[in-house]
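Record features (TrEMBL):
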TRANSMEM  6-24  transmembrane segment
TRANSMEM  36-55  transmembrane segment
TRANSMEM  67-89  transmembrane segment
TRANSMEM  101-123  transmembrane segment
TRANSMEM  129-151  transmembrane segment
TRANSMEM  163-183  transmembrane segment
TRANSMEM  195-215  transmembrane segment
TRANSMEM  227-246  transmembrane segment
TRANSMEM  258-275  transmembrane segment
TRANSMEM  287-311  transmembrane segment
Amino acid sequence: MEAGAVATAIAVMGIITLFGAGLSRWTTITPEAKHLMIQIVLHIAVPSVILNGVFNTSFSDELLSEIGLIIIASLIFHGCALLGALLLARAAGFTTTRGKQLTILAALGNTGFIGIPLAAAVFGPVGGLLAAIFDAGLDFFIFTVVLYMLQPGRGFHLRQLKTLVNAPLIAVIVGLTSAGLNLEPPVVLRQLVELLAGLAAPLAMLYIGILLQQLFARTGFTVYKELWFPLSVKLLLIPGIMLAVLPFTPLAVSTQHLLLLLSGMPTFMLAAILFSRYTEDEDTAVLTIAFSTVLSLATIPLLAWAGAVYLG
């Protein structure tokens with residue numbers, strides 16, 4: 001992973017974010033319009049990124065082994081991130097409920113909405129595919145452990161696992177199955193997913209720009225006093241630990257760079273919806289998402305540079 005390539009990709013995404021903010025500043029963007037953008041990204045563009053990765057990848061035994069390792073790495077990473085952040089929250093003296101909320105915001109990153117398009121831009125089609133597989137581990141923890149943490153006194157229910165079935169996961173399953181059966185996709189389908197995959201990054205960053213502009217217009221740059229905790233843990237501590245651990249894993253160097261990049265993603269956007277539904281503190285999630293996203297435009301290139309130096 002070249003730091004320059006990552007910096008360029010982040011700069012382009014940052015500019016598109018500014019376009020989104022400007023559009024929101026001078027045009028009325030309704031909630032329905034924002035919802036439509038999310039649906040296009042999550043149900044059309046991101047699945048297309050995944051399928052485009054499958055269609056443009058030669059599957060070897062080494063790659064299949066790497067995919068298996070990424071699944072294991074994702075589960076270990078997100079589990080350890082949640083546990084470590086929870087211990088740090090308790091050490092910092094936060095109350096039980098507040099500590100759980102800050103733990104969720106500090107531990108889990110936006111590996112899907114931002115991570116998959118960014119990985120595809122930096123590492124090519126196979127990067128988007130591998131990022132989607134890593135993101136599946138995040139989804140597992142969101143709809144099991146995170147829901148349990150946000151609903152004290154309510155046990156875990158198997159029906160919560162239904163929410164794990166989403167368009168990106170279906171694309172991963174369909175894509176890998178077709179690759180395993182050596183099915184050759186039609187030329188029309190190849191061109192279709194390639195064109196639709198190009199929508200992912202621009203639409204995602206336009207949406208984030210709109211979200212940030214509307215948030216700061218409504219609240220200004222107001223912060224809550226514990227904001228330092230999720231920002232420092234998510235953008236600095238977790239990527240730093242990941243950087244130290246990765247060289248001792250059996251993963252290929254290119255995969256190490258990919259996972260390092262994904263470990264530095266800002267707070268996951270679904271947090272705003274979950275906090276709105278299960279807590280009375282939606283603004284905490286929204287502010288954390290906003291500030292972590294803005295700051296990540298600076299920390300991700302630095303992380304890429306550190307990876308280039310340390311991982312090779």
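Residue positions begin at 1 at the first shown residue.
Glycine too: its Cβ is placed from the backbone N, Cα and C atoms.
Given the structure is predicted, the values throughout are model-derived calculations rather than measurements.
For the transmembrane segment (195-215), the residues of the chain that approach it from at least six positions outside its boundaries are 13-14, 16-25, 29, 34, 37-38, 40-41, 44-46, 48-49, 51-52, 113-114, 116-118, 120-121, 125, 128, 286-287, 289-290, 293-294, judged by C-beta separation under 8 angstroms.
The transmembrane segment (258-275) is not in contact with the transmembrane segment (36-55), judged by fewer than 3 CB-CB distances under 8 Å for residue pairs 6 or more apart in sequence.
Two recorded stretches are said to be in contact when at least 3 C-beta pairs lie under 8 angstroms, sequence spacing 6 or more; the transmembrane segment (6-24) and the transmembrane segment (287-311) meet this definition.
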